[in-house]
């Protein structure tokens, strides 16, 4: 959880810090820098992410194969919940972030909890249990259609230091809301909990866009917004017009995959 690199004077350590620490054991000529495809915030998870790195070996030392790199990094990452799934050589023109064709995120919801303390212990910090009873899923699915295509997503981004330098125009290729299951949920079916996933795919996203989109869709499901209000939020193009306290928490969000 939390890929974004942290500075050396911060107590919190990001996934990138662990990766670069493990890479020091490769004994490179120059320090290895990981260029991450998607920098997830603290509390956001990644089922799969991608990165590229340049490894400069000392003269006379053979180049590392993808398999050797994978095993070496994983052996030094063993204490942490981080694993390298595959590694391969790529052209010098490849960039993990800018060469990506699309990114897919999944947001997990659990319904039927009257209080957050009723979330199953194995699902702690891995989903969001919105308050206020059941959600109107068909209304959410109707509202999701307004998010598809190319739009100015100014209303759906949080302000940060990059805001003045980034275009708010993004293209959303997919927004699906489907039933899902929880971890070992067949053992507590009697509790009547429902798990749902909101799957969102696009080439790139503005800051906290997916969390704001999911939060707005949940507000529709709760009856706080009507489906057509999503279209109005897009048209107003103002981050301050986003409903207060509606952004979905980080814990339910997962980067599912990066496509090339």
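From the backbone N, Cα and C atoms, a Cβ is placed for every residue, glycine too.
What TrEMBL says about a protein is an automatic prediction, not a curated fact.
For 41, the entry in TrEMBL reads active site, nucleophile. What TrEMBL records for 105 is substrate binding site. The domain 'Pseudouridine synthase I TruA alpha/beta' annotation in TrEMBL covers 143-260.
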Using DSSP reduced to three states, classify the residue listed as 'substrate binding site' as helix, strand or coil.
strand
Recorded positions considered: 41, 105; fewest surrounding Cβ atoms within 10 Å belongs to 41
Quick one: pull the CA-CA distance for residue 105 (substrate binding site) versus residue 41 (active site, nucleophile), whole Å only.
13
